[in-house]
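Over in Swiss-Prot, the protein carries these features:
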ACT_SITE  D97  active site
ACT_SITE  D313  active site
DISULFID  C107-C113  disulfide bond
DISULFID  C352-C394  disulfide bond
DOMAIN    79-433  domain 'Peptidase A1'
CARBOHYD  N123  N-linked glycosylation site
CARBOHYD  N193  N-linked glycosylation site
CARBOHYD  N282  N-linked glycosylation site
SIGNAL    1-23  signal peptide
Amino acid sequence: MAATTTIPLLLLLLAATVAAAAAELSVYHNVHPSSPSPLESIIALARDDDARLLFLSSKAATAGVSSAPVASGQAPPSYVVRAGLGSPSQQLLLALDTSADATWAHCSPCGTCPSSSLFAPANSSSYASLPCSSSWCPLFQGQACPAPQGGGDAAPPPATLPTCAFSKPFADASFQAALASDTLRLGKDAIPNYTFGCVSSVTGPTTNMPRQGLLGLGRGPMALLSQAGSLYNGVFSYCLPSYRSYYFSGSLRLGAGGGQPRSVRYTPMLRNPHRSSLYYVNVTGLSVGHAWVKVPAGSFAFDAATGAGTVVDSGTVITRWTAPVYAALREEFRRQVAAPSGYTSLGAFDTCFNTDEVAAGGAPAVTVHMDGGVDLALPMENTLIHSSATPLACLAMAEAPQNVNSVVNVIANLQQQNIRVVFDVANSRVGFAKESCN
């Protein structure tokens, strides 16, 4: 009798284990193997960081409705995942972006899009364009829909409304898109009626645009976790591969199942109503080696009114600190390195030195301290970047761009590589765990 009851119990446990497993996708970076060295590649990528940082630190222009821009004045994210869109599924490489809500894809026909490999709505039986009467339309900034008639009390009949259309800037260009829905496939998971922007034309240079589209992983109603409902239980994580590992991939895990690491240390996730897509955390201090960095009081304080605080972002390349924080960090780092020939600047980096002149172990590690007792000790690869041709290394962080809105610190993807970062929106927390992602 015991055996007959044990077998069904084991089957139930097995089914629960399978159901709890997280979906997993490979994550690739955009650094090409022919690049001269990781240092030169990162310098080139970091040139576009300033525009993204200004976007992250600026407040929403209007109050009221919570909107999700199809795109922004940001630089393209550095990492991509393979996803399927449509029925039958069409494979696309979508840029991974934790600071954007909306997903969008370049759609055919589009003679000005940056890639010839476009999503073809005509080949998908589940594709549908969405009219201005769609409840999703007001959530997108920049929609071109007719205003309500009859003194603002009555709207045109749904059948007479055009497709909800957009024209939005992105980097140095802008694109025109229509609101649509289709089946999004991530690994073995299928999410029907997924709302996204279908890009039909691009104006301006396309060099800095994602080649095929973007996957929005922010916190707003248009983002993946919101549209997926209970499928992923409000949790995803990623482990980003090193810029040095051209031929290796990291992973994006969706869901709170067994695929997420057990040794995660969590810090509370803060929310800014003006930038509700962003993942804010409360940094309490920095240390270089065993020395705490002396920063002015309140330098890390979260302020929803101004946007000040610290954001964890997948699309910014190098970590930026506001002027007083970075000045103090740089001073302590230089004091400990004590490079005999001093320091030079290279691209965005102002603390580069000759490694031949510094004793072994002379470059100290940087640790980011957060609420909840989280001490994110950055590996040396995440602290310094090296030239492959010369004995030159640079502190892989920089000062935030000087602008009235540049009040936000950003923990960027270079400092996150080979670390599992868990975004647990359901429990309002962000977690970190060491992991070899390559």
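Every residue, even glycine, has its Cβ placed from backbone N, Cα and C.
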Cβ contacts of N123 (N-linked glycosylation site) (under 8 Å, same chain, 6 or more positions away): G86, P88, Q90
C394 (disulfide bond): secondary structure state under DSSP, collapsed to three categories: strand
Active-site residues listed as D97, D313, least Cβ neighbours within 10 Å: D313
Fewest other C-beta atoms within 10 angstroms, as judged across C107, C113, C352, C394, which are the disulfide-bonded residues: C352
Distance from N193 (N-linked glycosylation site) back to D313 (active site), taken between C-alpha atoms, in Å: 27
Model confidence over the domain 'Peptidase A1' (79-433), averaged pLDDT: 89
Those residues of the chain, 6+ apart, with a Cβ under 8 Å from that of N193 (N-linked glycosylation site): A128, S181, D182, T183
Distance [Cα-Cα, Å, rounded] between D97 (active site) and C107 (disulfide bond): 19
Shortest C-alpha distance to C394 (disulfide bond) - which of the recorded positions C107, C113, N282: N282
Where C107 (disulfide bond) falls in three-state DSSP terms: strand
Proximal residue to N282 (N-linked glycosylation site) among disulfide-bonded residues C107, C113, C352 (C-alpha distance): C352
In three-state DSSP terms, the structure that N123 (N-linked glycosylation site) belongs to: helix
